[in-house]
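Colleague: Annotation source TrEMBL lists compositional bias 'Acidic residues' at 303-312. The feature compositional bias 'Polar residues' is assigned by TrEMBL to 318-328. According to TrEMBL, the domain 'Palmitoyltransferase DHHC' annotation covers 120-238. Here TrEMBL flags 299-328 as region 'Disordered'. The transmembrane segment annotation in TrEMBL covers 20-39, 45-64, 168-190, 202-224.
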């Protein structure tokens, strides 16, 4: 009886957690809807409405894609078979378990390891993690090329929707900047007492304040992710250097500026600004600089990449507030 109550309570808490996870998204939606009403119906800046709606469409489109594009999980070949799972769980010697995973990983395109050099294995999903894949405790799943779990979209940002998330940040910055610049002239009129409507005064003040506030925070976050893209890193890899079979290598996935951008947006520039899937590959394996050097004599003759001062910087714990990290 007591066990049944515990299960019911646990289920109720999970349900409440799922509902509360949508609160940040609801806040953003309400703010955006109010900004649309205030800008279009209250201020009615006719001259600016065409450009405003163009930005608004792409802003809402990318936000929708960031929320409802499901995180991509590893395919079946990375999961342990029923027999391997039973054999692994019944084995009590850690060194034997470690060797079992090494033998299983030989058939898979897996080149990253844990800090101790062991094969990366998720004991909750019972799978060998592909390169750049991590387990999200909020989504309760392993996510391909996981970047972070974002509460503002109530979704895990990874291979399937990282492009959409970047576009959402870019159009959010543009949306806030456009509102702030076009409303500023009305803000001046407010101070001069040239606005007769008290309600319009409220919308002008609040629009400018909210637009500037979100612009500052978003431009910092967007700039940080632009830096990550230029180095072909995820948020997790920026704070924890990936370990390869040859050892730790912070530039292991860095292919050069242009190729790094193409790893997210694809090689067709006409799709870079449109929120449609164009990232190359399947999210299970990625080109690595060390492999390119061994296979391409032109790359092998290049001088070693110099470390940038930013790479050698120790990031404080507070800097992780740029993204809510829930990987385990």
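Even glycines carry a Cβ here, placed using N, Cα and C.
All annotation found in TrEMBL is predicted automatically rather than curated by experts.
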Colleague: Same-chain Cβ contacts of the transmembrane segment (168-190) under 8 Å, 6 or more residues past its ends?
Modeller: 35, 39, 43, 45, 48, 51-52, 55-56, 58-59, 62-63, 65-66, 153, 200-201, 204-205, 207-208, 211-212, 214-215, 218-219, 221-222, 225
Colleague: Cβ under 8 Å, sequence separation of at least 6 from the ends of the transmembrane segment (202-224): give me the contacting residues as numbers and ranges.
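Modeller: For the transmembrane segment (202-224), the sequence-distant neighbours (Cβ-Cβ under 8 Å, at least 6 residues beyond its ends) are 31, 35, 38-39, 42-43, 166, 169-170, 172-173, 176-177, 179-180, 183-184, 186-187, 190, 195, 322.
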Colleague: Could you give the number of helix, strand and coil residues in the domain 'Palmitoyltransferase DHHC' (120-238) as assigned by DSSP?
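Modeller: Its residues fall into 68 helix, 16 strand, 35 coil.
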